[in-house]
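A quick write-up on the structure given underneath.
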Amino acid sequence: NEELEEIASADLKYLLLPALLGALTLKQVDLSRRLEHLESARAHFWRFLKLCRSYGLGSFHLPPASPPGEEDAGSPSPGGPAAAQPSLVAMASSRQAKIERYKQKKELENRLASMRTFVESGQADDDQIREFYILQIQKWINTSLEEMESIDQEMVILKSRGTAKQSSAPPHGTSRQVRAPLKPFILTRDAAQAKVFGAGYPGLPTMTVDDWYEQRRRQGVVSGQSAPQRTAGTTDEELQKQQQEKKEEEDDEEALQKARNWDDWKDTHPRGYGNRQNVG
């Protein structure tokens, strides 16, 4: 039941305590508890604004105690989605209020800068001290209103991000099967190369291409149709030779004549014939 005039000039500074607690809470850097810190800071700022409103300090609209969207989250808006959109008149009035607060903030900072030296040095009288703390309170009123708007916007972003994470998380019991990590090995063409390369590296296993496909097929990584259609132990060169011999066996005159011409040419032209640019 007391008025602002009944508070001692030296005690006016204690009215700033909730606002200072809100500013300090916002400086917390623990990202895992960011939403909790925002809610706590908003409560401090709202308590400071309510206290200033009860003492008649400043003319401002007191924001709701809870962030927008929480008090009416359970009940749909009567006007539907269109009614939830802010009107142009409300946006224009909010913009004008921000401009007025910015101008007032600059004026208060200039007046506080001119009075700070007298108050901190102890040369100011009781009236000057009282005016100084009242100006500080009015400055923090504007700061609290700005911080609460930023907090409400950030809380909406954090809550929507948390909802998106929950919706994208897989349901319980349907997690992806964890595969065992593959061990290093030497991949060879056939069993003969596996014996050769494996002899010098006893600690590193060798595996042919067919064995590798078979192992991956059993693990379900590749299908059976993706495996190469070849007989075990055959290479590309051997496949070409088999095809050439098959053509010769079928009495392909063109293939026989081409093979004979190639043999005759190799008899008269030794390896390296005609290479005269790297002599010696």
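Residue numbering: from 1, along the chain as shown.
Just so you know, glycine gets a Cβ as well, placed from its N, Cα and C.
Curation plays no part in TrEMBL annotations; they are all automatic predictions.
Record features (TrEMBL):
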{"type": "REGION", "residues": "63-90", "note": "region 'Disordered'"}
{"type": "COMPBIAS", "residues": "74-87", "note": "compositional bias 'Low complexity'"}
{"type": "REGION", "residues": "162-181", "note": "region 'Disordered'"}
{"type": "COMPBIAS", "residues": "163-177", "note": "compositional bias 'Polar residues'"}
{"type": "REGION", "residues": "218-280", "note": "region 'Disordered'"}
{"type": "COMPBIAS", "residues": "222-234", "note": "compositional bias 'Polar residues'"}
{"type": "COMPBIAS", "residues": "238-247", "note": "compositional bias 'Basic and acidic residues'"}
{"type": "COMPBIAS", "residues": "255-270", "note": "compositional bias 'Basic and acidic residues'"}
Checklist entry - Where DSSP helix means H, G or I and strand means E or B, what are the helix, strand and coil counts for the compositional bias 'Basic and acidic residues' (255-270)? => result 14 helix, 0 strand, 2 coil
Next on the checklist: Just to be sure I understand, if DSSP states are collapsed into helix, strand and coil, how many residues of the compositional bias 'Basic and acidic residues' (238-247) fall in each?
Outcome noted: 10 helix, 0 strand, 0 coil
